[in-house]
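Student: First the structure, which I've put down as structure tokens, then a few questions once you've had a look.
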Amino acid sequence: MEFDEIKDALNALKRGESIIVVDDEDRENEGDLVAITQWMNDNTINFMAKEGRGLICAPISKDLALKFNLMPMVEHNTDGFGTNFTVSIDHATTSTGISAFDRMATARALINPESTPEDFHKPGHLFPLIAKENGVLERTGHTEAAVDLAKLTKAAPAGVICEIMNEDGTMAKGEQLEAFKHQHGLKMITIESLVNYQKDKDTSVELKAKVNMPTDHGAFEMYGFESSLTKEEIVVLAKGEPRVTENVRIHSACLTGDIFHSQRCDCGAQLESAMKYINEHGGMIIYLPQEGRGIGLINKLRAYELIEQGHDTVTANLALGFDEDLRDYHIAAQILNYFNVQQVNLLSNNPKKFEGLSEYGIKVADRTPIIVAENEHNHDYMNTKKIKMGHLI
């Protein structure tokens, strides 16, 4: 499909236009019409009802929901995607509440500073949805996309969305969405592109502590960071003053390898090799909580069970329902930005780390391989990393 740049979509929204926002194929894999409440024109909701044909909802921030005492529609939300519906509403000035103009009045009242909870009748014909506070960086839904887009256009944190259905009542996807885009002259973006746009703008790590850390491989400084998005704790082991081009090892936590010296992998040996290199040449190790390439400790142990039954490290993850590698390097890039590191000599054998850093604006100027000895227990694992995952070993 042909997608537009986020900046072009923002400009369209500020002109009062609707845009199409497409989510991931592993999620709903659908397109929603999205408009910003503050900027939408008088025909927006009528267009959504006539051409979109889906349920018209009003994504809002948590603060707006609290302001108007909009409580969850149900006590126990069993929606497959966790969509946070509140009780439906009509503005007191509307007639039946269902007309496009009544729903437009209700939506606009949600961003009126003078509106009060008493101005809304419940239930009604407009369905507010409460967005997660960290937007698409926390939940990749159309609800969060609409509120994030509103904020990016400097508008009140509220929007209007409607699923796009075909004339036969089926959901529009793929080529059907592209045809809809061209038929109506709309901009179309993906939630994935909005996530990346937000990550580029995000400063979500905060330094919490800094201490001296003597180790078997030299004396370092250890920095403790916290992600404001996930509340994860990240440590950085550093030697010397940060440089514009820095020696950097991005190491994914491996309890079994780093702590218990498991011979199933090469993680512990790579960490020790990196510490020796950084102690001699200066630089930093960013230690990310990405156990099992992002699937977590217990799932990694479950993957080991499958490996004992004949799977390799890639097919085991796939058999458990995960991608082969779930890691993202947004937080690593944020930490490098904190230290004003613009480019790196990356201590790694993994090309995906080069791509992951580049995606967030960090240039990989050079690479230093980390070569460690194989053993009888990790030979197949190392071979799979080389052949299936493209590791340069």
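Cβ atoms here come from the backbone N, Cα and C positions, even for glycine.
Dumping what Swiss-Prot says about this protein:
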REGION    1-200  region 'DHBP synthase'
BINDING   GLU28, HIS142  Mg(2+) 2 binding site
REGION    201-393  region 'GTP cyclohydrolase II'
BINDING   ARG249, ILE250, HIS251, SER252, ALA253, GLN270, GLU291, GLY292, ARG293, THR313, SER348, LYS353  GTP binding site
BINDING   CYS254, CYS265, CYS267  Zn(2+) binding site
ACT_SITE  ARG327  active site, nucleophile
Student: Kindly assign CYS254 (Zn(2+) binding site) to one of the three DSSP-derived states: helix, strand or coil.
Tutor: coil
Student: Name the secondary structure element type, per DSSP in three states, that contains ARG249 (GTP binding site).
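Tutor: In three-state terms, ARG249 (GTP binding site) counts as strand.
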Student: Quick check for you: of the binding-site residues HIS142, ARG249, ALA253, CYS254, CYS265, ARG293, which have their Cα within 10 Å of the Cα of ARG327 (active site, nucleophile)?
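Tutor: So the list is ARG293.
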Student: Mean pLDDT for the region 'DHBP synthase' (1-200), as a whole number?
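Tutor: Across the residues of the region 'DHBP synthase' (1-200) the model's pLDDT averages 94 on the 0 to 100 scale.
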Student: Rounding to the nearest whole angstrom, report the longest C-alpha distance spanning ARG249, ILE250, HIS251, SER252, ALA253, GLN270, GLU291, GLY292, ARG293, THR313, SER348, LYS353, listed for GTP.
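Tutor: For the residues that bind GTP, the greatest Cα distance is 22 Å.
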Student: Say you check the Cα of CYS267 (Zn(2+) binding site) against those of the binding-site residues HIS142, ALA253, ARG293; which is nearest?
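Tutor: The answer is ALA253.
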Student: Roughly how many angstrom lie between the C-alpha atoms of ALA253 (GTP binding site) and CYS265 (Zn(2+) binding site)?
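Tutor: CYS265 (Zn(2+) binding site) has its Cα 12 Å from the Cα of ALA253 (GTP binding site).
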Student: Using the CB centroid of CYS254, CYS265, CYS267 as the Zn(2+) site centre, which other residues of the same chain sit with their CB within 8 A?
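Tutor: Same chain, not in CYS254, CYS265, CYS267, Cβ within 8 Å: SER252, THR256, GLY257, ASP258, SER262, ARG264, ASP266, GLY268, GLN270.
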Student: Whose Cβ, among the recorded positions ARG249, ARG327, has more other Cβ atoms within 10 Å than any of the rest?
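Tutor: The residue with the densest Cβ neighbourhood is ARG249.
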Student: Given the binding-site residues HIS142, HIS251, ARG293, and counting only Cβ atoms in the protein chains shown, which has the most within 10 Å of its Cβ?
Tutor: HIS142
Student: If you draw a 10 Å sphere on the Cβ of GLU291 (GTP binding site), how many other Cβ atoms land inside?
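Tutor: GLU291 (GTP binding site) is surrounded by 19 other Cβ atoms within 10 Å.
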Student: Cα-Cα, whole number of Å: SER348 (GTP binding site) versus CYS254 (Zn(2+) binding site)?
Tutor: 16
Student: From the Cα of GLU291 (GTP binding site) across to the Cα of CYS254 (Zn(2+) binding site), what is the distance in angstrom?
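Tutor: CYS254 (Zn(2+) binding site) to GLU291 (GTP binding site), Cα-Cα distance: 5 Å.
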Student: Rounded to the nearest Å, what's the C-alpha distance separating HIS251 (GTP binding site) and HIS142 (Mg(2+) 2 binding site)? Just drop the number here, would you?
Tutor: 33
